[in-house]
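One structure is given below, encoded as structure tokens.
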Amino acid sequence: MEQSVRTTDDLRDAEPRPVWWDGAHTGPQAPALRGRVNADLVVVGGGYTGLWTAIEALTADPGRRVVVLEQSWVGAAASGRNGGFVSESLTHGIAHGLARWPDELDELQRQGRQNVEQIADVLQRNHIDADLRLVGKTTLARTPHEVEALRLAVPGYARHGEAVEFLDRDQVRADIHSTAFHGGLRIRSGGLVDPMALVLGLRRLAEQLGAVIFERSPVTGITRTGGNLTVRSTHGEVDTSHVVLATNAYPPLLRRLKSWVLPVYDYVLATAPLTTGQLDSIGWSQNQGLTDAGNQFHYFRRTRDDRIVWGGYDAIYHYGDAIGPELELRDRSHRLLAQHFRETFPQLADLPFTHRWGGVIDTTSRFTPIFGTAFNGRLAYAVGFTGLGVASTRFGARVALDLLSGRETERTCLRAVTGSAVPFPPEPLRWPAVEMTRAALAREDETGRRGLLLRTLDRFGVGFNS
Ligand SMILES: Cc1cc2nc3c(=O)[nH]c(=O)nc-3n(C[C@H](O)[C@H](O)[C@H](O)COP(=O)(O)OP(=O)(O)OC[C@H]3O[C@@H](n4cnc5c(N)ncnc54)[C@H](O)[C@@H]3O)c2cc1C
């Protein structure tokens with residue numbers, strides 16, 4: 001896509017917060033931890049991973065004392081600000097699964113499918129209205145080489161049990177009215193959800209089951225005390241037998257996680273609700289999720305009230321693993337997104353952008369989370385969902401609980417679970433390594449050729465994605 005950034009300010013009226021927060025309860029609802037508390041399980045982090053950990057632990061063992069410690073408020077981070085694409089994949093897509101775990105891909109696909117079915121079931125049984133719609137998605141090709149790549153991908157999907165349809169130029173434009181697209185792949189599995197409504201629903205369920213949540217309670221350290229662990233926060237501490245770290249890309253409480261997880265910022269826009277005429281002008285009658293096929297991809301979808309959420313493309317790593325609220329707005333990335341939107345849907349030239357935001361993703365070099373234990377098996381971690389955690393965080397939470405229990409399960413024997421990621425180099429090499437890889441990915445998007453750097457990284461099972 002065109003790289004120059006339009007100077008007119010298309011974003012003048014865009015509110016600096018996720019559209020999902022409109023009308024939702026945001027901010028802390030629970031007190032901060034004060035004094036000393038006892039627990040059987042402490043979950044650090046109040047996003048999907050942490051909430052699912054609490055829910056699954058209490059469903060399996062209703063008597064357990066489960067405490068969730070969240071440094072900010074539940075849903076403030078990625079879980080309350082993502083695109084809401086629900087993917088069955090536990091491997092960051094079939095192609096990546098085929099490259100990394102060909103022998104166990106069918107089993108990973110089966111468990112991923114079951115994971116989404118069970119999420120839908122939990123939401124239905126507990127009356128959680130998170131606008132979950134299992135409408136699948138279409139991946140869209142913007143260049144002839146992407147058309148070819150999508151066509152070639154069809155047999156791989158079919159071999160591993162996914163029904164997909166290749167769409168030629170006319171078919172794709174009959175569905176989505178934009179001359180930007182030259183072909184597509186209609187994938188029937190997965191769907192869309194309202195991410196903040198999902199957080200709030202899971203929070204309610206966790207509390208109903210007995211979890212005690214503390215907000216504005218950053219965990220500053222974990223130490224062994226006798227046979228137990230002490231989890232320290234600013235104004236209190238918890239004495240517990242077990243801990244799960246569900247801290248995403250935030251500075252890790254275990255040193256080893258620093259080399260595996262990279263914080264990468266992803267940026268998003270939302271438009272005003274479309275009128276019936278505007279909706280007619282773009283087609284999109286199946287209301288499915290849409291993504292581009294390239295390395296630097298946009299993802300876009302409609303909301304309950306027929307806005308368009310349009311995000312992705314840039315994936316920005318800030319030097320030194322920088323992370324913080326000041327990085328959630330990036331004019332250059334937001335303007336580029338606005339420009340790409342106008343180029344893709346020129347018929348919506350007058351549609352204003354009403355929201356803009358960003359969020360941090362926990363990227364690993366293998367694009368899937370890493371799992372493990374510390375403190376003699378009393379602490380487990382599940383981090384590194386690399387931009388595809390809306391559904392797979394539930395799987396990750398279950399793996400963390402399996403590891404704590406010491407039980408072998410259908411999850412813990414997967415190489416995708418037991419294996420590790422190639423570590424990222426430390427600074428000052430980390431930032432230039434990421435930038436070089438991003439540039440190589442952008443070149444591949446333009447030319448369709450995978451250059452030497454990317455082919456070498458492929459050989460070592462290393463990549464950069466969001
Ligand atoms: C803009 C954006 C778009 C995305 N789009 C999609 C999508 O469409 N589909 C998809 O599948 N995935 C998507 N993702 C990824 C998905 O949102 C994440 O994988 C998922 O939300 C991760 O959940 P989590 O609970 O692990 O992390 P988080 O939601 O980040 O929660 C971790 C929590 O831990 C807390 N924490 C960290 N350190 C501490 C500490 N020391 N003490 C106490 N608390 C701590 C943080 O404050 C945070 O609330 C997107 C992500 C972003 C940012």
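Note: Cβ is positioned from N, Cα and C throughout, glycine not excepted.
Not measured: the values here are computed from a predicted model.
Feature annotations, courtesy of TrEMBL:
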type	residues	note
COMPBIAS	7-16	compositional bias 'Basic and acidic residues'
DOMAIN	40-400	domain 'FAD dependent oxidoreductase'
REGION	1-28	region 'Disordered'
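Listed as Cβ neighbours of the compositional bias 'Basic and acidic residues' (7-16) (distance under 8 Å, sequence separation of 6 or more from its ends, same chain) are residues 269, 328-329, 331, 334-335, 338-339, 342, 352-357. Secondary structure of the compositional bias 'Basic and acidic residues' (7-16) per DSSP (helix as H, G, I; strand as E, B; remaining residues coil): 0 helix, 1 strand, 9 coil.
Mean predicted confidence for the domain 'FAD dependent oxidoreductase' (40-400): the pLDDT average there is 97.
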